[in-house]
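Below is one structure, written out as structure tokens; comments come after it.
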Amino acid sequence: MGRASYLAVIFICFVSSSRISGQSCEGKCGGKLESCSCHATCVSLDNCCADYGEYCVDVTPYSGSIFGGTDFVVLKATFNESSQIICWFNDEIKTVGYVDTDSRGHCISPLLYETGLVPFQISTDNGTTFSRHGAWLSVHPGKLDPSFKATIINATQWQYYGTPKVGGPLDMTWNTSQVRAEKVNIELWGYMEKGDPYSESWQGKWEYLYSLGRDQPNSGAFRFVPKTAGKPFSDWEVGCLRISPSTHPDGAWNVQAVWTEDHALAWHLEDKFRQDSAVWALDKCKAWDQLEETLPDFLSEIIDCPCTLAQARADTGRFHTDYGCDMEKGSVCTYHPGSVHCVRAIQASPKFAAGQQCCYDHTGAQVLTDDSIGGSTPDRAHDWGSPPFVKPPRVPGFSHWLYDVLSFYYCCLWSDNCHYYFKRRPSSDCRTYQVPKAGVVFGDPHFITFDGVSYSFNGKGEYTIMVSESKELTIQGRTEPVILTNGSMVKATKLSAVAMREGTSDIIEVRLGNPQDHLQVLQNQTSLSFSEQSWMDLKGVFVFSPNPTNVTVMFPSGAGVELRLRGGTMTTTVLLPEVFKDFTRGLLGKMNGDPKDDLVTSDGQTESDQGNAEGLFNFGASWAILNESTLFTYDSEHLLNSYLHAPKHHASFRPVFSIPEDPNDPLGSQASELCSGEGSLYCRYDTLMARSLEMGNATRVSFQSHRSVVEDLEPVVSCGWLSPPTNGKKEGTRYLQGAVVKLSCDSGYVLWGSEEHTCLGTGQWSGETTTCVSRISSVSKVFIKIIVQKNRSPPRDPLRGSGSSCILWRSTTKKMNPILLPPPTIQESVPPPVSPQCAALLAALWDLYSW
């Protein structure tokens, strides 16, 4: 009997035994049976059904490009040579898998039109039954690690190919391990959307166009000289290249492959483009402009940009780094020259699924398209897509390319007609931007509410950090006693887990790992891995974890929760936008700008004495949660016994309220050196209670970090963009309070009005309206008539209005033409024969011209 047959016999007997005893997980993944479990917590609780690993599968890798083609292995489950594997994704797309020589099952991920966790099932009988269940993470190509993508060398050459002086061979490379074959095909695929925008007929579609090379060696490199494509292929202007085994026919769907990123297909466009790319692009730009005229206005519903780079980086609940312009990665801002960092609004707009992008220069000021081609631009289609994805304009990446990026090539990069593009994609300034409020829990543990009230609460149990019934946001915290290095427990606690949910979103829990050198993230009680990807699109929530000690959770309301591991303690910062004002309760208080009503118990009683440690302890205890409302996971005997089957607030645990001081304690002097300035009491308390300078320093850093966030989120006043005068120019592109913009006129024009404008605290620009007046020349006669006009001018006076005006009458030999100049700055109580302002004008004119 062969090895595979032997394994098959064992598996058949094993499954039969499981079914007879009624303990099988087949078709029951996520459930808890009578005497065993098929839930993810069964692994740590050691109560899994015997066949849990066979039917509730894990895979490696667990993520890949939205384009598909990733070969992943099914772990722990057993297969045999005769297994005919079909993998079924989202109950829609089926791909063909295989069994390798080690009897491991493999699936191939499909091309998808959505990102996030996608459920799949596996059949071993060629699709008759599907008994195994798992999840696959589909990733936006811009967020995918470069090692999992084919690389186009010199992207500028590819995307400007055919424009003046750009040509020659094109090169690409890939990781040969991504394609399991000796020979490969190089194929071009294109993306297009058809149907009426914003209608049911609007659909996006990837299609195979043609092959650039067949039966090429899988060497990891390919070079070719592009030829222009004829109709209909040249109609596809956005696409990417796919490298796949040559054993498959051209354009075979959902086979193992590696893809380049999507890009503008300049190199394959029709002959007309190469003959005169600027004219071709201008025609396309005008056609796009005309299309935009017919589409709904999305600009009114997108969020306004933060005013400063500091605000943009601090408002992590609503904005996230744009991967195409990241100061942490060298500020390579291809589409935003002059900017050093851009952020994108995390959530798409509610009705039209539009996006917002905000860019900033090296001074931290927002860059506007009225001043620079590299300015901030809104997007008709959000680059990262938006739930429920699948249909335009919500298709991640691809819809954005068609409506916002390709048009930028038409109007700005392939031709010099940016005014068309910026008319439709003007920068949003920040005059209506409202900063979020931040509350924090840190140390063992200390609280600073949204309105700035600070206190300590060392209860042991599970509590409501904040809740907003109207916004359906709940954040809960679990505390545990501090354990010294010698294993003894002290009478103080620290935050060990935070669980949260908004509406019907997935429940996200972040807790101290074991050992406590990392944070563990759970989605609906299932552990998530960020070893391959740092960003996950989940149901009703986004989670970002760039490293094991840093997690940020973002909800559709704009609420953000930052969790940072420092010195064995977990610091939790909650950021809430203005819509939560007056709608929060819990340990972080009522967010309304009034600190007097922050310390209100769950039954409505106010603790007014912030110095009353006992009163504060009772206030905190009142916010203990109930088992019926808990969001936490209890997947160990310790958690079951200490929290689920125990009081939610351990009344018997009495903390030490004051700092233990011992003049003979050497740690006391060390704490004095470490802890100084604002917040030093928290640092000192934690150092002495935990007998740890590391924990004291973590508390100090967390406090200072919170103060920095609060400072970064201070509201600022913006006066909005100030235009240069017609026939003039300006100096200065900052528009916040205190900024000064200088205006001047072009040669041949005289400045009238204010030369400088200062942004005032009222949000208005100082000074008078500035205009540039043409010099008087080429006249045979010049007559100057001064009219001083007042509000009390008689009705028969045709020059009605307020203020004084100088009217200059310019005469040629044929007729007289009036030129109305702005009113003088000073108005006279009694009109003199000639006002000082007009006299000054006359003197200036006399100097300027030969009379």
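A Cβ is built for glycine as well, from the same backbone N, Cα and C atoms used for every other residue.
Listed in TrEMBL:
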SIGNAL    1-22  signal peptide
DOMAIN    21-60  domain 'SMB'
DOMAIN    277-425  domain 'AMOP'
DOMAIN    437-631  domain 'VWFD'
DOMAIN    717-774  domain 'Sushi'
DISULFID  Cys745-Cys772  disulfide bond
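The stretches the domain 'AMOP' (277-425) and the domain 'VWFD' (437-631) are in mutual contact, each linked to the other by at least three Cβ pairs under 8 Å (pairs 6 or more apart in sequence).
Within 10 Å of the Cβ of Cys772 (disulfide bond) there are 20 other Cβ atoms, across all protein chains. In terms of DSSP secondary structure, the domain 'AMOP' (277-425) contains 53 helix, 19 strand, 77 coil.
Sequence-distant contacts of the domain 'SMB' (21-60) (same chain, at least 6 residues past either end, Cβ-Cβ under 8 Å): 11, 14-15, 72-78, 107, 122, 131-134, 136, 525-527, 633-637.
Around Cys745 (disulfide bond), the C-beta neighbours below 8 angstroms that are at least 6 residues distant in the chain are Pro725, Asn727, Gly728, Leu751, Cys772. Secondary structure of the domain 'Sushi' (717-774), assigned with DSSP and counted as helix (H, G, I), strand (E, B) and coil, comes to 0 helix, 25 strand, 33 coil.
If you take every residue in the domain 'SMB' (21-60) and average the pLDDT, you get 92. Note on the domain 'SMB' (21-60): DSSP counts are 9 helix, 6 strand, 25 coil.
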